[in-house]
Amino acid sequence: MGTLVEPALLLLLWQSVWALDIPLEVRQPPTIIKQSMKEHIVDPKDTMVIECEAKGNPHPIFSWRRNGKYFNVARDSQASMRRRSGTLDIYAKNNPEQYEAEYQCIASNEYGSAYSNKIRLQLYRAPVWPREILEPVVVSAGLPLVLSCDPPPGPPKPETYWMSSSFPTMQAVRPDRRVSMGVNGDLYFSNVLINDSVADYCCNARFPYKNVIQQKMPVVVKVLTTRTVAEAAPTWLSPTGSSSSILVLQGEELLLECIAAGMPTPRITWTKDGEDLAVTSRMKVKNFNKMIQIPKASFDDVGEYTCAATNRLGYIEHTITVRVKAAPFWLEKPTDLILAPEENGRLVCRSDGAPRPTISWSINGEPIETADPQPNRQVSGDTLIFRSVSASNTAVYQCNASNQFGYLLANAFVNVLHATPRILGPRNELTKVIEGSHALLDCRYFGSPFFCHLSFSEPIIIVTKPQSMKVMRGTDVRLECGVKADITTPVTTNWLKNKKISLDESNLVITNVNRGDEGNYTCVIKNELDQKSASAHLMVMDRPNPPTNLELSDPYERTVRLSWVPGDSNHSPITGKMQYDDDDWLPGKWRNLSTYPGTLNSVILHLAPFSYYEFRVIAINEIGASRPSRPSTRFQTSAPDVIPKNLKGVGTWRNNMEISWEPLTYREWNGPKLKYLVWWRRRDSREEWKNATTKWLKYYIYDADTFTPYELKVQAVNDFGMGPESPVVIGYSGEDRPIAAPLNLRVSDIESTQVTVHWDTVTRGSIMGELKEYKVYYWRDSSQLRWHWVNRAMKSKSFPDDVPEPSGTVTNLIPYSNYKMYIVVANNRYEGPPSNSIHFSTPEGVPSAPTSFRIQQRHLDSIYVDWDLPAEPNGIITGYSLKYQTVNATRGEELRVEEFPPNTTSFSIRRYDRYTRYRFSVAARTRLGLGEWHTEESPHYTTETYAQDQVDITTQGWFIGIMCAVALIVLILLIVCFIKRSRGGKYPGTTACSLDKRKPLKALSWPAMMKRSDSDDSLVEYGEGGEIPFNEDGSFIGQYTGTRRDVRELDFGGSLELHSPMNTIYSLA
């Protein structure tokens, strides 16, 4: 049943009407409907046409401005405007250049004026290269080369390409890693090869306006060959320097280019803002990684792009700073406004750019600031506001948004109408809609509002929508589509797959899905009045399809680039596996080489030399692996690319030189029958290089002068060719024995353990080789203590420095000794004759530690210690210091020190108890001070230990035997004495039996007591005379030991003390 439309619906209809165009029969300001582009290129040979079409009521009239001034078309004999049009026709037979200018069309009627864009007219000029004779370009092999193109400028900018001609054919120059065509049209060679001189090169330019191709005069390239090609580190050909910057406008093409020279050809890599460049779908890497192309630049492309060029000799970088700006672009363009009197309205002119555009308004071409003011008109930023409009507000308003990179111009009129309402569409139309749904009534009218009849029914509601699914191949899928609809209106359900009708069921079941079942499924529910639909996407996951179109490129030493076209991932992320087959394995035995991210379709493979390779690629996802791709073409590594290492030349005899180097590994051969090509020549001579080929790792040069420098180099060679040469090294032929000795050997700064040595150097020529060192030989000839035995072993010390006044220090000498020394000069093989020998003596030092330190327990309550002379007295011993302290002390006894003269070498101490132990330290002293300490601890003596040590010798067999023998001898002597006495004979001398018993025993003087004879030892050797007291048992006080010596040879250094068995030795100093 029809009812009146509610107010909310009326508002929707009202706004919808004003979106319609005003009928042309209604008066209205002009609107420009067609105009030429802002940059307009024309051919002066043809009629130059600048278009300008407009509509309005009354029909507009047209005028033109040229370079901002009125252009009187009627008075120009070569220009005219078309009838009822503003299009300008220019027949410039004479001086067409005068029409190169900026034009603007104005369409006006009584309600306002509309302005076109400013149209810049440019004349197309036939591109002509100057006729010139280009001299041949001469360049040595291995050096870089740039051939300039310099095409005519246009407009528009031409497209350039290079051709090479070799009679009778001509073909395009194919870019590769070594040869590049730059953005500026020049042809770049990173390094030239001999094959580059087989053809001429010519630059061609195609001008798209007329599709004309012009060719530059060809240039001849002559490559000079050399025996070897010099290698060079990378340098930049384009751009130059270490940094540059590029400004690009948003939406324009951005080209980043880096071309480097070098031998071998450098590799180019890119980073952005310090990280690896992420190649997106908006970006293309071209020209063998030397160019980055972004067809439409955006602000995401701002940053620092760093290109790096690398070969085995060096590495360089260039940083390109990319800045993106934007000419003005529309966010909201002003549209025509049709208002009734006293209504409000607004024109919005919203734009953006970088930098932000400036907005200016004009009325019929006149700046709004200078136009007649109107109180109901207000400018608020990018909005022009009208309140309570009247007919005086009818005009064409221009909005201009501009910055330094361009401008936007829009015309929008305000038309205030007093028009009678009229229906433009069919009358009395019945429209049916569903209750609760939006209704759009197409009521084309101009004027006042209108009435429509509406009827309602329940809408179709989809209560169960099909769900998008991602399933594995081979599973079953069920798509449901449940609806609720008006029972009075029957509904139908159809399923569409990818917009094609599939089945007529409410639920859709697909069994054993495969890739062919994938797609968008839509259930369509409809009745007489309504139609609803719901869609779901079915995605079938499967193993990826195999990659295709494997291609090898950029062969370089031990690497090659492998590219392929990825197969379909089948909705599961791919990782790529690389496999290879080489001739080291059985044919058809594929080996895994590496795994790469699935986003890549080109990788650089690192290979072993001297091998034949085939490659294939397998795509893998979580479902499984694809079938392997078809194998790539066969790839072979060739000539050696490794330099033999550790090249050196050393003489093994005085007239030869052995040249040696380290071998290449088998993987570095790069081919069969590896040999080495050895080069040599005398340094600083003009002689040619000599060479020899050998399969060994040594080569000998004979008949060379003694110790002559040679320049040496080596390179590997196989059946495929020669490898790179090694750097030149200097080797020397053999050395001979030096013929001169250093002179004026002398010493200074003599200390107890070291001495400074000086000598005069020998001449270079007398060394007969390379100076290795000066070597000092020295030995300890004797000690200044005449009785002390010394080791006369010879020692040496080397001094490699060769200075005008050489010197050195000999260390580790023994104090108080006499030394001898001489010096020689040495080369790498021989030592020269010795110099004169010199003598020097070292002063006293501190002694070494005493030797033979003993700790004994002779009684239960005492400990006895003694020691011997130091192994190295290092001077005259002046005494000993003994320190001792209890080890297991409970009494807290402090450290005690005893000082002894040089002839005292024993000491006894009384123990507190049998458990007391002592720590003893003893050191000898010279006049320079104490020497090294010797420290020992006493053992743990007990009563049992002492009892075990005190053996009763009266029970020993040997003692009983000796006593019996002594008794027998005494008995025999008594018998002999008795017999002789009984006979009464007189015997010279005195005997033991001739003592006068009547005289008392008195102390005898030393001469009376002992008289020296040839056969008797005399105590005179051990004393200086005087009386010697006896003990009660008749023995001397004290003990003596030692060997018999002439007393004149003894140096006692003080009074004689005879209580020590070593006194005589210790007093010999």
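Including glycine, each Cβ sits where the backbone N, Cα and C put it.
Just so you know, TrEMBL annotations never went through curation; they're auto-generated.
Quick look at what TrEMBL lists:
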SIGNAL    1-19  signal peptide
DOMAIN    30-122  domain 'Ig-like'
DOMAIN    130-220  domain 'Ig-like'
DOMAIN    234-323  domain 'Ig-like'
DOMAIN    328-415  domain 'Ig-like'
DOMAIN    459-535  domain 'Ig-like'
DOMAIN    546-640  domain 'Fibronectin type-III'
DOMAIN    643-736  domain 'Fibronectin type-III'
DOMAIN    741-845  domain 'Fibronectin type-III'
DOMAIN    849-945  domain 'Fibronectin type-III'
TRANSMEM  958-979  transmembrane segment
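Just going by CB pairs under 8 A, the stretch in 130-220, 234-323, 643-736, 741-845, 849-945 that sits most against the domain 'Ig-like' (30-122) is 130-220.
Residues in the domain 'Ig-like' (459-535) partition by DSSP class (helix H, G, I; strand E, B; coil) as 3 helix, 40 strand, 34 coil.
Residue counts for the domain 'Fibronectin type-III' (643-736) by DSSP state, with H, G and I taken as helix and E and B as strand, are 3 helix, 40 strand, 51 coil. In this model, the domain 'Ig-like' (30-122) carries an average pLDDT of 93.
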